[in-house]
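**Student:** This is the structure I want to talk about, given as structure tokens.
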Amino acid sequence: MSELMTDREIDRSKMHVSDNVAIEITNMNKWYGSFHVLRDINLTVNEGERIVIAGPSGSGKSTLIRCINRLEEHQQGSIVVDGTELTSDLKNIDKIRSEVGMCFQHFNLFPHLTILENCTLAPIWVRKTPRKEAEETAMHFLEKVKIPEQADKYPGQLSGGQQQRVAIARSLCMRPRIMLFDEPTSALDPEMIKEVLDTMIELAEEGMTMLCVTHEMGFARQVANRVIFMDAGQIVEQNEPEEFFNNPKSDRTKLFLSQILGH
Amino acid sequence: MSDQAFVRTEMLPEKEPPASTVGIVGWLRENLFSGWFNSILTVVALGFIYYVLSGLVPWVFQSVWNADSLNECREIMTETWGSTHGHACWGVVNERWLQLLYGFYPDHLYWRVNLALVLTLVALAPVLFAEQSPRQLWYLTAAYPFLMPWLLWGGSIWGPIMVAAGFAIGYLGYRILVPVAGGLVAIIAAFALPIIWWLFLAGGVAGAIDSVIPIGIEAVESRKFGGFMLAVLLGIVAIGCSLPIGIVLALGRQSDLFIVKTLCVGFIEFIRGVPLITLLFVASLLLNLFLPPGTNFDIILRVMIMMTLFAAAYMAEVIRGGLAALPKGQYEGADSLGLNYWQAQRLIIMPQALKISIPGIVSTFIGIFKDTTLVSIIGLFDVIGLSNAIRADTAWNGIYWELFAFIAFLFFIVCFSMSRYSMYLERKLHTGH
Ligand SMILES: Nc1ncnc2c1ncn2[C@@H]1O[C@H](COP(=O)(O)OP(=O)(O)O)[C@@H](O)[C@H]1O
Ligand SMILES: [Mg+2]
């Protein structure tokens with residue numbers, strides 16, 4: 001909820017949006033039992049886009065991004081990721097999951113494995129990378145998120161912020177083309193939020209396609225090229241950050257912004 | 001406001017804790033005499049312990065070791081202490097301990113049982129202490145399921161080799177059929193081929209090879225098996241097989257496939273709803289009704305199967321508890337990285353679920369090991385059965401405590417070791433939280 005999160009200048013040289021479509025969601029509907037949780041979602045994400053999804057709790061933000069890597073199944077419409085449509089075909093699902101990285105609110109690190117093992121597991125078993133190479137890649141990304149010295153510790157021995165950075169490194173080890181973030185800073189103390197956001201900004205600076213569910217409006221302003229506001233399972237408004245924050249169109253958006261930015 | 005304002009100018013240095021909270025005195029105060037109620041409890045408990053030990057210690061140690069019958073024991077006791085009361089007669093254990101351990105196994109072949117036990121311990125090493133054991137030991141562990149029965153039952157070496165060949169046939173069938181006929185057919189073949197082999201071919205082939213190249217050791221019949229050795233044998237088999245079967249059942253119970261789920265739930269609930277004794281009676285008596293007359297289905301093998309199934313049903317529930325305790329995020333973490341179902345189970349879910357379940361798993365192990373004594377009811381001479389047989393001998397008629405104390409001691413050593421090992425394992429696997 002903090003307005004400002006980084007004091008440094010953001011390097012926008014590589015942050016450009018390409019014309020290639022990364023994710024194409026058309027007329028997508030999803031129900032939990034008889035509860036209509038996502039309604040007629042249409043969303044196109046181009047490569048290099050940095051999208052922030054905001055909205056009140058229970059509006060379906062998590063469900064939406066979890067549909068993109070099939071952690072949840074949609075019942076109507078289509079989702080195409082990198083040219084592959086998500087159907088019940090397990091091959092497609094595995095392919096998409098290995099190309100789409102995801103970070104969760106509660107990190108979901110594997111507590112019985114060391115940090116290094118957390119990072120090398122999927123490359124070794126899914127990508128069949130030789131162990132040595134996988135370890136080198138893992139160390140590279142752990143250095144990037146600035147915790148190479150923790151490689152041999154277990155997740156339980158790290159702070160929340162460090163754990164979330166490990167989770168980001170773990171996803172990056174699969175060399176994903178798209179990264180999904182589901183409230184990556186919501187479970188963190190204020191001082192740790194910044195270290196995680198800084199890591200995410202660096203990713204954005206390298207041109208990663210990102211979809212972030214977050215309440216960090218400072219991050220949205222500075223990094224996103226598009227902000228999507230969801231309510232009651234629908235996309236209510238989407239716009240460039242400047243416009244979205246300074247000149248919201250719908251009443252729901254105005255109310256939400258006044259609640260989240262006000263006080 | 002201003003009188004509440006406060007600024008610390010000097011930070012406080014670290015101090016030693018008060019003497020009464022550290023050292024022996026501190027420990028006693030804190031653990032035994034922390035209040036008047038605790039102090040009373042401590043005194044009463046000490047009194048009780050003294051009372052028990054003052055009876056037990058003389059019974060155990062002021063005892064007769066060399067006697068050939070209970071009467072001789074009593075005579076010696078009366079001579080030495082003036083009464084037969086409060087003194088143990090270990091003569092019975094001294095005279096019969098080999099029988100209590102080995103049952104009626106031929107005594108010139110005891111070495112085979114001993115070797116099998118050593119083999120068990122060595123084969124267990126890589127399983128129990130993976131990091132400290134050389135990797136080559138795994139070959140021995142893989143050969144163990146075939147070597148151990150051969151050592152105990154003896155006979156031609158070709159029998160166990162043909163049984164082992166069944167597994168190789170299943171594996172080969174799977175590898176050959178996967179590219180040709182697809183995964184499902186291959187999996188079915190992987191189970192069907194070995195069964196066909198074992199039922200119809202293995203015996204003939206083993207016999208044929210044996211008539212050409214006879215290699216074998218003296219055979220020992222199942223009815224000679226008994227004593228503590230039988231308990232250990234049944235325990236090892238039931239424990240070793242129930243864990244993997246239990247894992248499969250627990251996963252099956254969580255499965256989305258309706259048939260698989262129903263079968264697993266039905267099996268688990270049925271087995272858990274029936275006393276083990278009933279299952280053992282089924283094994284010993286009822287199966288004869290269903291099997292074609294003349295089939296020789298070894299009684300110990302039948303009992304092993306029943307005990308394994310029984311333990312597996314309990315194991316499945318224990319492991320299901322572990323699975324349920326895992327946060328959903330672990331499954332999602334594994335899924336989001338692109339691991340498939342079996343990879344996720346093997347690398348992420350099972351290691352954690354089993355770790356959570358260690359206390360329950362070991363309790364089940366200990367329980368099933370002690371339950372092996374129930375086989376005395378269907379006429380097998382395990383330690384309890386033997387103790388009855390020994391008492392039937394006029395020399396030892398009327399001796400109870402000494403035999404049961406000895407049996408209890410044997411079981412205690414094994415069960416206590418299992419319990420300690422599980423504590424070691426829990427400590428080893430602890431990785432913060
Ligand atoms: N597994 C589930 N089963 C049934 N309802 C669910 C499930 N997960 C979420 N919901 C409901 O769907 C709605 C959207 O949830 P979610 O996508 O988590 O919202 P958000 O992330 O925006 O807070 C909520 O009303 C929630 O209660
Ligand atoms: Mg959410």
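Counting starts with 1 at the first residue shown.
Glycine residues also receive a Cβ, built from the backbone N, Cα and C atoms like all the rest.
What TrEMBL records for this protein is below:
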TRANSMEM  B:36-61  transmembrane segment
TRANSMEM  B:109-130  transmembrane segment
TRANSMEM  B:150-172  transmembrane segment
TRANSMEM  B:184-209  transmembrane segment
DOMAIN    B:228-422  domain 'ABC transmembrane type-1'
TRANSMEM  B:229-251  transmembrane segment
TRANSMEM  B:263-287  transmembrane segment
TRANSMEM  B:299-319  transmembrane segment
TRANSMEM  B:356-379  transmembrane segment
TRANSMEM  B:399-418  transmembrane segment
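Help me picture these features in the structure, burial and contacts included.
**Tutor:** Sequence-remote contacts of a segment are chain residues at least 6 beyond its ends whose Cβ falls under 8 Å from one of its Cβ atoms, and for the transmembrane segment (B:109-130) they are 98, 102, 137-138, 140-141, 144, 147-148, 151-152, 154, 217-218, 220, 229, 232, 236, 421.
Only residues 6 or more beyond the boundaries of the transmembrane segment (B:150-172), in the same chain, are considered here, and those with a CB under 8 A from a CB of the stretch are 109, 112-113, 115-116, 119, 143, 189-191, 193-195, 197-198, 202-203, 205-207, 209-210, 214-220, 222, 225, 233.
When Cβ-Cβ distances below 8 Å are used as the criterion, the transmembrane segment (B:184-209) is approached by residues 156, 158-159, 161-163, 165-167, 169-171, 173-174, 177-178 of the same chain, each at least six residues removed from its ends.
For the transmembrane segment (B:229-251), same-chain residues at least 6 beyond its ends with a Cβ under 8 Å from one of its own Cβ atoms are 101-103, 105, 113, 117, 120, 145, 148, 152, 264, 267-268, 300, 303-304, 307-320, 323, 345, 350, 354, 361, 364-365, 368-369, 372-373, 375, 380-383, 411, 414.
Long-range contacts of the transmembrane segment (B:263-287) within the same chain, counting only residues at least 6 positions beyond its ends with a Cβ under 8 Å from a Cβ of the stretch, are 249, 252-253, 255, 297, 299, 302-303, 305-307, 309-310, 312-314, 316-317, 371, 374-375, 377-379.
Within its own chain, the transmembrane segment (B:356-379) is flanked in space by residues 230-231, 234-235, 238-239, 242-243, 276-277, 280-281, 283-285, 303, 307, 310-311, 314-315, 318-319, 321-322, 325-326, 385, 388, 411, 414-415, 418-419, 421-422, 425-426, 429, which lie at least six positions past its ends and keep a Cβ under 8 Å from the stretch.
Long-range neighbours of the transmembrane segment (B:399-418) within the same chain, counting only residues 6 or more positions beyond its ends whose Cβ lies under 8 Å from a Cβ of the stretch, are 70, 88-90, 92-93, 97, 100, 228, 231-232, 235, 362, 365-366, 369-370, 383-384, 387, 390-391.
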**Student:** Sort out the residues at least 6 away from either end of the transmembrane segment (B:36-61), same chain, that have Cβ-Cβ distances under 8 Å to it, and list them.
**Tutor:** 86-88
